[in-house]
Each structure stands twice: as C-alpha cells, then as structure tokens.
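See below for the structure under consideration.
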Amino acid sequence: MQPPIRENMLRERTVRLQYGSRVEAVYVLGTQLWTDVYSAAPAGAKTFSLKHSEGVKVEVVRDGEAEEVVTNGKQRWALSPSSTLRLSMAQASTEASSDKVTVNYYEEEGSAPIDQAGLFLTAIEISLDVDADRDGEVEKNNPKKASWTWGPEGQGAILLVNCDRDTPWLPKEDCSDEKVYSKQDLQDMSQMILRTKGPDRLPAGYEIVLYISMSDSDKVGVFYVENPFFGQRYIHILGRQKLYHVVKYTGGSAELLFFVEGLCFPDESFSGLVSIHVSLLEYMAEGIPLTPIFTDTVMFRIAPWIMTPNILPPVSVFVCCMKDNYLFLKEVKNLVEKTNCELKVCFQYMNRGDRWIQDEIEFGYIEAPHKGFPVVLDSPRDGNLKDFPIKQLLGPDFGYVTREPLFETVTSLDSFGNLEVSPPVTVNGKEYPLGRILIGSSFPLSGGRRMTKVVRDFLQAQQVQAPVELYSDWLTVGHVDEFMTFIPIPGKKEFRLLMASTSACYQLFREKQKAGHGEAVMFKGLGGMSSKRITINKILSNESLTQENQYFQRCLDWNRDILKRELALTEKDIIDLPALFKMDENHQARAFFPNMVNMIVLDKDLGIPKPFGPQVEEECCLETHVRGLLEPLGLACTFIDDISAYHKFLGEVHCGTNVRRKPFTFKWWHMVP
C-alpha cells in the first residue's frame, strides 16, 4: 500500500451520483459533500425532487444561492447545469449507511419520477489532536493545530528531541533507537491523540492511515502503547524507515494515544517544523491506489537548544581535579559553599589530564509545555575530556548533542570558552528575551581562524538567541571569555558588561606612579614567575609593551563597538577591568598577569583570577581597584590563585570551570524571533 500523496486539508469533496443506482459514501464531520444532480440525470429529465433522512442537512445551490431542503420531497426544482447539492451532517452515525438522500427525476409535466439516484451516508468523526495551545494538555480539534506561530498568542505543538538516556545501560541517547524501555522515556515525548466516533464498523473499502513525509522521517518518531491494561508494549509505528501506519478502526467513541519524539535539533537544512497526518482512504478496486477522502494534519516545532547567561542562578559548578591544582580546587570549593549550588569534581580517571572543562562543553536546556531538561552541547574540540559529557552527564533527564565538522579543521576557536550568551536585551525595538549568543571569529578579510561552520549553523538555526560574531583571533587562544563577561546586579533586573581594558590598566598604573608608588612590585611572593623584579615603572617605561597594548586596546574597542551596537549597550552599561597582554611570535595576545575578566559568576559571588598586581601599602592595587568598581553594585569579589595551575597554560578561572544554570522562566515560544 502506498501512503497518500495529497497532504492538503480535504474539507470539501465531490461525490458523483448515477441515476438508477445507489452510491455509498463516508462523510467526515466538519466537512461538506457536493454532488451534481444535473450530470447524474437520465435523458429527458427536466425537474427533480429530494428526500433525505433527518440527520442530513441538504441545500440546493443554484448560481451561488443556497436554499435548504425540507425532508418531505414535495418541492421540485428545474434541472440546470448550475444545480448542485451541498450536504452536511452534525452527528456521527450509529450504523453504517443508515442516512439516505434520494433524488427523483421527472419529465416536464409528469407526476411519477422517471428514475432516481440514491446516496447512502455513514457519518464519522476523525480528529488528530495535540497540545496546540501549549498548556500541557491535548485539547480537542484545535482549529490552529496544522500550523505554528510564535509569540504569547501563538499556537502549535512543541516536541523535545529525546536526547537524554533514561535507560542507564544503553550506549547512546534515547532517540538513537526505535525502542522504549520505560515510562520515563515516554514522559520526554509529546502526546498525540487520534479521536474517532462512528458505527461499530465502517463500510467495506475504507481505512485510516497515519503518515509522515519522507523529509520528516529522520526527524520524528511515533510510538503506540499496545495493551494498556495487560502489561504495556511500546510499538514504534512511524519514523526512519516507517512512513505510514494503518490504524485499526474500533467503532463507537475511541481515543488512541500516541507518543511523539523529536530525533534531531533544528539545523541549517531543517527549520524545526514537522507534520503528522491522518487520512481516511477509500478503496475502489484491486490494483487501483487508495484515494484520500479526508486528511487531518498536526504540526510540531522541535524545541531549540537554549544557552543560559551568567545572570541566571547557578545549579552546579564543574571543575577538574589535577595533579597540580589542589589549592585552586580548595578555593573554588570555598567559593561554591557561599552559594546554594553544588560542586561537581571531574576526577583524573575521567579528565585524563585535561583541565579545560569550559572548552569541552556548553550547558543549555530544552523545554516544552509538559517538560524540560538540561542538554549539554559537546564541542568538536575533543580533548582528553571528550568522554566526560557522554559518560558523566548524559542520563535520565540530561540530554546530549554535538556537531562535528566533516572536512574543516578544528581550531582553538571551536572550544566553548569561545561561546557565550548575553543577558536579555532589546535592540532598536527588537526584543531578545533569551539574550544573544556571542562567538569569537577572525577579523574580516584576514583569513584567520573562525568557529567551524557546522557549529555556527547549529547555533543560528535555534532561532531564539540570534548569534553575534565578535573578533577574538587577535588572542593566542582566541576565546571571547578572555576579554568579556556579564555580571548580574543583585536585586535588579540589570546587568553590566565587563571588558578587559589595557588603557584602564595603564591609567591606573600612571596614577599609582604619580602618587609615588612607581617601585611597587608585581608577582610578589611568586618564585617561579620570573627572577626579574617587575615594577610599575618598568612596565610604563617599556615602549614595545606599551605599543603592543595600544594595538590590543584597538582590538578590544572593535569588539566594544560591536557589542554596543548588537546588544544596544551604552558606556554606562560597561565596566572596564584592567588587563595587560604581551605579544607572542604570531603577533597574538596572551595575558601578562592573570586576566580578571575570565571569572566565574555565581549570582552575587564572583571568583576572579588573582592578578598579583603591584603591591601598594601591602595590598594589590588591581584587586583594590576592581573591588571599588564591583562591590558598590552589591557583588562579592573572591580572588582565586590560578597562576601556576591555569594562567601559565594560557587560561584562567573561567576556562577551568563550568556552570550549569537554571533555565529562563520566560518560555521561548512566547518570543518572536
């Protein structure tokens, strides 16, 4: 059997009558049947009369004018090419072919009919239903279920990619096979109900079929629960190789429950929309294809993967345990204890010597009206932490997704220190209630490094956090988290953008020099850094360092301008944190002292790389300066020593930690991208 090809909503259809015979037809409630009395008439017929059952509403339509027909059959109408009948019924039949319409044909003056045509009708109700109004419940026959619209008044059902693993002994995500092992797995799916009502059995030659298009078959899967009362079996009926499924008509009032899962996220070649159809098919004769006489369609949008900005409350902090980071680990633990989140340590057997947990993964989430759960995006970087997301994170209600390039080379810019997201912003009247994704790229026309296209396409295709490309290729490592971060302002809905600034550093050092602290020493008490005494005077008198940092400030300002434009920020939204960089052999920047902007943000508690700046009156003047900027906003600054375990390997606190946060309370389907 071929699945039906026509997918339009067949709400009106034509039935052909023939004088001297009776035609049987199935009528679906909510549709209209048209029949042409003129072409069905015998030769010599000039007028016709009508008789019909109480349950059928019959109208004679001539030249666009409709006239309702009483049941007694006394009235006559002149036959003309424009004479048609419009039939409808309001209730499902209790028996097959129990409702009738009879057309009697007459000659000019004759009182007895010369012939007649009969139509025997069976009325049934068919409705494929989903949660189109997004309240978590499947409603009945929502008129907008076949389309999908954004916004607070929007309609259309939502589907989750079933990318978690509810069965611990399976190697991959639940959506990777066609089996269901538990009720928990069904809870990740969206419900769909096929409602039918009618006589105990349909007339011979009719069947009901559920089907999907070939292009949707790798994006959606449908399951049916067999024997709900005698130990359930979950049968996979649609998706992958299965394009259609014949539904057994049970008679009376019936509701068949199906479970629908998403198989893949929106991407460059997939908008995220999938449709499922039910058709009533009519059989004519052996060897002739079945024809659809009624189709009902529902549409789902697959929920996008959503990133969580720093302003959202933290749930868990992840950090790697290394041979050399015991003190760092202890300081992070102390910081986390001040907040209400948990510390999760990735031990050496799992990290295999890879400390950069920020670079391997990005935490996000997916959500539908009935359910939501966190989903980790695995970077194509694939360092020694590459098994961590699948082995330690993927599990019940914790999903996994990745994008790997086939032919492109993976660079440092594909690490997820180079993937951040802003808090919610409004730009020129356009709202971004979930913020905007920020990724680092190369300078236009420079032919430098860029994040791989498959990841950029994936982020763009999610639609709800329109990405902004920044310029990060001027840095040796090339990550956006090396020059910017966002902090919440406690108790307010506001935030600030923190940016690394070499000019702020030079300005601070000149002020200290002017106040007589030119001999203040940096990196005090650190044996391994350098045998040279590095003072404010030495830094300010180093011409090449000054020139390099003027260039780096231009790179920072280029990004500042993009961020101001794309996030609608003003200067008062930005706080400059002093930073210094030195140029490597490729003319790219690496931090001269621990880069304070590369911090971990846990509500009001900030874990900031300890800069080991010049000691003025027994205090680091950089720490004092930063406290003076941030503490008046209600933030608490904790400076963490990362110099030997992270800074010397070209990363800081943010690079070595990762935070899973609570999802937005705002529902993504309420926005208009």
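Glycine is no exception: its Cβ is also placed from the backbone N, Cα and C atoms.
Per Swiss-Prot, the features are:
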type	residues	note
MOD_RES	Met1	N-acetylmethionine
BINDING	Asp131, Asp133, Asp135, Glu139	Ca(2+) 1 binding site
BINDING	Asn162, Asp164, Asp166, Asp174, Asp185, Asp188	Ca(2+) 2 binding site
BINDING	Asp164, Asp166, Asp188, Asp397	Ca(2+) 3 binding site
BINDING	Asp174, Asp177, Lys179	Ca(2+) 4 binding site
MOD_RES	Arg352	citrulline
BINDING	Glu362, Phe416, Leu419, Glu420	Ca(2+) 5 binding site
ACT_SITE	Cys655	active site, nucleophile
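Overlay of Swiss-Prot feature records on the structure.
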residue : record                : contacts (Cβ under 8 Å, 6+ apart)
Asp131  : Ca(2+) 1 binding site : Glu137, Val138, Glu139, Ala157, Ile158, Ser190, Gln191, Pro369, His370
Asp135  : Ca(2+) 1 binding site : Pro369
Asp166  : Ca(2+) 2 binding site : Asp174, Tyr181, Ser182, Gln184, Asp185, Asp188, Pro396, Asp397
Asp177  : Ca(2+) 4 binding site : Leu170
Lys179  : Ca(2+) 4 binding site : Tyr234, His236
Glu362  : Ca(2+) 5 binding site : Met307, Val376, Leu377, Ser379, Phe416, Leu419
Glu420  : Ca(2+) 5 binding site : Pro309, Ile437, Leu438, Ile439, Val480, Asp481, Met484, Thr485, Phe486
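With the fewest other C-beta atoms within 10 Å around its C-beta, Asp133 stands out among the binding-site residues Asp133, Asp164, Asp174, Asp185, Asp188. Rounded to the nearest whole angstrom, the C-alpha distance between Asn162 (Ca(2+) 2 binding site) and Asp133 (Ca(2+) 1 binding site) is 22.
Those same-chain residues not listed among Asn162, Asp164, Asp166, Asp174, Asp185, Asp188 yet with C-beta within 8 angstroms of the centroid of the Ca(2+) 2 site C-beta atoms are Cys163, Arg165, Glu173, Cys175, Gln184, Gln187, Met189, Glu261, Pro396. Summary of the Ca(2+) 5 site environment: with the site residues Glu362, Phe416, Leu419, Glu420 set aside, the chain residues having Cβ atoms within 8 Å of the Cβ mean position are Met307, Gln358, Leu377, Ser379, Gly417, Asn418, Val421, Ile439. Of all the binding-site residues listed (Asn162, Phe416), Asn162 has the fewest other CB atoms within 10 A of its CB.
Here the recorded positions are Leu419, Cys655; the one with the fewest Cβ atoms within 10 Å of its Cβ is Leu419. Per Cα geometry, Arg352 is the residue among the recorded positions Asp133, Asp164, Arg352 nearest to the residue listed as 'active site, nucleophile'. For Glu139 (Ca(2+) 1 binding site), the number of other Cβ atoms no farther than 10 Å from its own Cβ, over all displayed protein chains, is 13. For the recorded Ca(2+) 4 site, residues Asp174, Asp177, Lys179 set the reference point as the centre of their Cβ atoms, and the other residues of that chain within 8 Å of it by Cβ are Thr167, Leu170, Cys175, Ser176, Glu178, Val180, Tyr181, Asp185. Annotated pair Asp133 (Ca(2+) 1 binding site) and Asp164 (Ca(2+) 2 binding site), C-alpha to C-alpha distance, rounded: 26 Å.
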